[in-house]
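Quick look at what TrEMBL annotates:
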BINDING   341  substrate binding site
DOMAIN    28-326  domain 'Aminotransferase class V'
MOD_RES   196  N6-(pyridoxal phosphate)lysine
Ligand code: PLP
């Protein structure tokens with residue numbers, strides 16, 4: 001049953017039939033002269049989505065996490081100092097990866113439900129007069145808490161401190177769903193994955209890399225082989241890949257870019273806002289709280305929702321899956337048991353969101369939550385009717 005229902009986790013997202021068909025390709029010779037005709041326009045298409053003209057787009061066969069590893073290992077050396085704030089599971093994982101790579105991580109601890117602390121970054125960077133901090137790393141959309149951080153504010157903080165550190169941004173659950181302005185925000189490495197906003201199967205990390213980040217490639221001493229930007233760039237400049245490319249995902253990405261362009265990126269972003277706002281109206285009608293602490297932090301791709309005191313959110317998500325065949329996101333890290341998540345990104349319509357809200361309401365009423373059937377759905381319906 002669950003096979004036929006949409007999923008409401010914040011990635012992997014629902015794959016539209018059109019993209020499933022596009023990924024269904026026979027094997028082809030990736031060294032044939034015509035491979036570049038397919039491949040190179042895909043790289044340019046991604047540039048538009050991430051907002052770069054000056055940077056390069058690199059695709060690696062990997063999930064998003066491998067994209068982070070590529071970003072770190074191509075630009076930094078063991079012992080380099082980096083600055084990261086921890087405000088959720090994914091910013092935490094980035095800290096963990098940097099520590100395991102032997103980097104000296106300065107961690108700013110923030111309450112989960114808040115976002116990147118631009119003011120604190122500015123103070124720390126201003127005090128770093130020797131410019132020991134080599135990179136600032138920010139999770140744009142913290143998928144664990146449903147918090148979207150303001151990357152332009154982080155860039156402003158770095159500029160105010162006149163600090164030359166690189167700016168790395170995890171856009172895994174934001175890129176292709178909400179505006180992302182790599183050049184305008186001065187992002188040096190942006191990381192995305194195929195399975196979220198691009199609506200594809202998992203397996204391709206999508207990176208945007210600035211010329212400034214590329215200028216660190218030769219001096220960076222962290223070991224890398226498979227993820228070496230230099231091999232990838234050399235092969236790309238000849239229209240190819242340094243090893244066997246994930247052909248099905250490249251064809252899928254070509255079609256995904258076409259779909260995003262047909263809808264228009266502005267409309268894609270507006271749709272994500274509308275879908276998210278309907279969910280937020282439902283949450284408010286239930287009398288529940290979002291993990292995101294204030295409206296300026298609300299994510300348009302995922303909402304993390306606290307369940308009332310005395311209820312366990314894992315029982316709710318398990319029940320929704322077992323009885324109704326629908327997956328919602330569980331609470332991650334310190335949110336586990338306390339919050340569930342509704343992913344509202346990728347290939348999704350208002351009608352699908354209403355079905356998800358109706359299902360979670362049934363599950364909640366089954367488990368004696370203090371809500372009535374239709375309470376949140378009606379609020380979302382009202383919002384969708386009028387907007
Ligand atoms: N960063 C964020 C913000 C994410 O949401 C995720 C996955 O959900 C990741 C990184 C890790 O990406 P992947 O699971 O594709 O390795």
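Each residue, glycine too, has its Cβ placed from N, Cα and C.
Annotated pair residue 196 (N6-(pyridoxal phosphate)lysine) and the residue listed as 'substrate binding site', C-alpha to C-alpha distance, rounded: 15 Å.
Within 10 Å of the C-beta atom of residue 341 (substrate binding site) sit 26 other C-beta atoms, taking all shown protein chains into account. For the residue listed as 'N6-(pyridoxal phosphate)lysine', other Cβ atoms within 10 Å of its Cβ number 29.
Look at residue 341 (substrate binding site): DSSP puts it in a strand. In three-state terms derived from DSSP, residue 196 (N6-(pyridoxal phosphate)lysine) belongs to neither a helical nor a strand segment and is classed as coil.
Taken together, the residues in the domain 'Aminotransferase class V' (28-326) have a mean pLDDT of 98 on the 0 to 100 scale.
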